[in-house]
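As structure tokens, the structure follows; a few thoughts come after it.
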Amino acid sequence: MSNEFLLNAESRSDTGKGASRRLRRLQERVPGILYGGEAEPQMISVELRELKKALENEAFYSHILTLKLDGADVQAVLRDMQRHPAKGHPLHVDLLRVDKTHKITMSVPLHFTNEESSIGVKKQGGEIQHNFAEVEVSCLPQHLPEFIEVDMANAELDSVVHLSDLKLPKGVELTQLALGEDHDQPVAAVHQPKVRASSDDDDAAEGEEAASEE
């Protein structure tokens, strides 16, 4: 994990919708909750500007974060976030404490590479279809990957890449595969592009339809 994310957090005692609105409007901070582990859930807030900057990086969503909270460093991951329905800015965050000795389950994005140069596309004229943009993994916090690469270079026409075909970092497991072979779902496939009807065919069809109506 090459990226490092640090958020300055503060404890808060005021709760409720009114308190949250004041926090966002007057202090430009985002309310949240920190839970998990052996400690009790804790109401917190983080700086809006700092959080928005971190959210611009895809890795933030699947990364161990460091919270500076009450003079201590707390390791956590983003579990959930509420956004404004129209403006899109964060309204509330749920953060889960992590312990380096306990596995966590997280969704990690897939990065598809070598698509245009793949055998099925470049040499055989196919198109690549994605079935998933992310997968759920289970691992120790220190093994959590920012993303999983799906190399399509050798994918031929009519071939399918399944979950079991993904190359995973050491110590990382796919939760779906742990459920059995029936859950080995297709991640991507190379197929023939759909043929669109030509304008001549469309004109002919319209002519036949018009003739049938006369």
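Along the chain as shown, residues are numbered 1 onward.
Backbone N, Cα and C atoms are what each Cβ position is placed from, and that goes for glycine too.
Fair warning: this is a prediction, and the values are worked out from it, not measured in the lab.
Annotation source Swiss-Prot lists compositional bias 'Acidic residues' at 200-214.
Taken from Swiss-Prot, the feature region 'Disordered' applies to 1-23 (among others). Long-range Cβ contacts of the region 'Disordered' (1-23) within its own chain (Cβ-Cβ under 8 Å, at least 6 residues beyond either end) map to 29-32, 34, 42-47, 50-51, 54, 57, 59-60, 63-70, 74, 91-92, 144-146.
Per Swiss-Prot, region 'Disordered' is recorded for 182-214 (among others).
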Counting by DSSP secondary structure, give me helix, strand and coil numbers for the region 'Disordered' (1-23). 7 helix, 7 strand, 9 coil
